[in-house]
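S.K.: Supplied in structure tokens, the structure appears directly below.
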Amino acid sequence: MLFLSCLMMSLSTFLTAFSNNIWIYSAFRLITGFGRATIGTSALVLSTELVGRRWRGQVGVIGFFCFTLGFLSLPAIAYSQRAHSWRSLYIWTSIPTILYSITVNFLVRESPRWLFVRGRKEDAIATLKCIAPIDSATTKTPFTSSFISSLSFEQETWNVDLYSAISVLVERRWAFRRLSSVMAIGFGTGMVYYGMPLALGSLNFNLYLSVTFNALSELPASLIAFFFIDQMNRKTSLLVFTSLCGICSIMSVLKGMNPIWTRLQIVFELVSFFSACSAFNVLLIFMIELFPTCVRNSALSMVRQAVVLGGVFSPMLAAAGRANGGFLSYGVFGLWLGFVGCLLFVCQRQEVEGFVIRWMNKSTKTQLLVMRLVVSRLI
């Protein structure tokens, strides 16, 4: 799926440069959106399932960091092509994604956990051998191969249907309650994450500098998450970041008599956006740990959809906030994040270290426990 999605996005972006009317252009843009929709989720889930549980948080944050670098590369590409047509901009942005598609096809391996759940034991063993360390003294490969081969793995027939994962998330009471809570948090985080840069025009500060500062504030958010994700309690971290974001968002639109308040406004806004980025990073890592392999991709996709849905309302709030000094934008952002913080108190969520899904049968539990043991020994 990752290869096909990336290839679809890159080719449709490349062909957009040759559009001769608005309808063809819109069709290619629509295809690009379909391809782009699954890339972030698939890449995050696959990268974290290819490593041991100890490195899952760091590997997930590396993806956020690379996303930020890619986002910052767009102004550089646009500046280099400022004297050319918009068609050349589409061509130059599609070339890296075509290279990514080739790289994914030849270098990226399928998740061994997913292969085990699907009953493809031999493919899972082959994947584990490929991602094991080169030093034979530390791989313990003979033990791993013989140990796994002696076990009986059956395909999980209940989870092979296209809609089975969604039905599990909806029908299971604990899963639906958990997913609904995290989607509400994702909706508020997405509204702030996408809306704050759009509402910068309502602040009494240089627009170009404020946009640059906002873009750069994503880097320390990713770095802090990378180095401290293992020490962070997920629920507490989300509570701290969402509360700080909400308070600073409201403070950024308060009026002061002293001229220095104008500078403080952008400081509050940057702290608020930094907290929103950090909460967004922790939320996605938390989502990976909340659900098992068989429904993880579907659950994360729904949370990502909630984040994007929150971003849909951001332009309207940003436009409404320009008429009253930004209160309808930053004020709503702050109040909603405050509600998200209260929601975290209401939701009795626990850390999921060593969590085993209660509704799994004995065979599935055995498979996943063996999978955890093998990955921890190989990686």
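Note that Cβ sites are derived from N, Cα and C of the backbone, with glycine treated the same way.
So TrEMBL lists the following for this protein:
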type     : residues : note
DOMAIN   : 1-349    : domain 'Major facilitator superfamily (MFS) profile'
SIGNAL   : 1-17     : signal peptide
TRANSMEM : 27-47    : transmembrane segment
TRANSMEM : 59-77    : transmembrane segment
TRANSMEM : 89-108   : transmembrane segment
TRANSMEM : 179-196  : transmembrane segment
TRANSMEM : 208-229  : transmembrane segment
TRANSMEM : 236-254  : transmembrane segment
TRANSMEM : 266-291  : transmembrane segment
TRANSMEM : 303-321  : transmembrane segment
TRANSMEM : 327-347  : transmembrane segment
S.K.: At a Cβ cut-off of 8 Å, and with pairs 6 or more apart in sequence only, do we get at least 3 pairs between the transmembrane segment (303-321) and the transmembrane segment (208-229), yes or no?
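M.R.: Taking Cβ pairs at least 6 residues apart, the transmembrane segment (208-229) and the transmembrane segment (303-321) are not in contact, as fewer than 3 fall under 8 Å.
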S.K.: Taking the domain 'Major facilitator superfamily (MFS) profile' (1-349) alone, what is its mean pLDDT?
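M.R.: It averages 77.
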